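Asks: What TrEMBL records for this protein is below:
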type	residues	note
COILED	118-148	coiled coil
DOMAIN	5-119	domain 'Response regulatory'
DOMAIN	125-186	domain 'ANTAR'
MOD_RES	ASP55	4-aspartylphosphate
Amino acid sequence: MEPSRILLAMNNDTSINKLKNTLVENGYSVIEQAKDGHDCLRKVRALKPDMVILDYNLASMNGYDVSKVIIDDKICDVILLITAAQESLVSEARPETSFIYMTKPINKPSLINTIELMLKNKRKIRELEREIEELKASLDTRKEVEKAKGLLMRNMGLSEEEAFKRIQRQSMDKGIAMKEIAKAIILAYDL
């Protein structure tokens, strides 16, 4: 599996290099670095990383505001690094946000565990969203086929089973999805 892509945003070169080394040692790919809030947002929008780890103290736009934009725009997961003094600012707004914050100094094992958990949850959410879309498509197909069956039953005097088999046979003979056959039947009878 390809390593998770992480963007770092901090205004301190020493901190960013330490964090980058920790992440790389643990199999992550640090794809870019930013030193201020606006630069971070530009890079996040352009690169679409799996996660952003950023410091609260960024120039031009603080890390909290950057985090809110990233989350509101559903770009990627965010870990915001704060000091103990900033915790009260972030925790008061916490119910309105859905990003993780960690208090500095950062415990490396805790950071790695947090990243892993967030990425695992993100993959699970994507999988569930894909399943939901498939179920919606299946339900739409079923509704179309049911409507077409009803039209065939009413207009041709077919039983439900005969109407279904006719749609199914047309689908197989023409190599077209049942939903498309059903739509054609509906269109023909709606005229």
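The backbone N, Cα and C atoms fix where each Cβ goes, glycine too.
On a predicted model such as this, the values are computed, not experimentally measured, just so you know.
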Asks: Tell me the Cβ contacts of ASP55 (4-aspartylphosphate) under 8 Å, same chain only and six or more apart in sequence, or just say none.
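Replies: Expected: ALA9, MET10, ASN11, ASN12, SER15, GLY63, LEU80, LEU81.
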Asks: Within the domain 'ANTAR' (125-186), count helix residues (DSSP H, G, I), strand residues (E, B) and coil residues, in that order.
Replies: 56 helix, 0 strand, 6 coil
Asks: Please work out the helix, strand and coil residue numbers for the domain 'Response regulatory' (5-119) from the DSSP assignment.
Replies: 59 helix, 28 strand, 28 coil
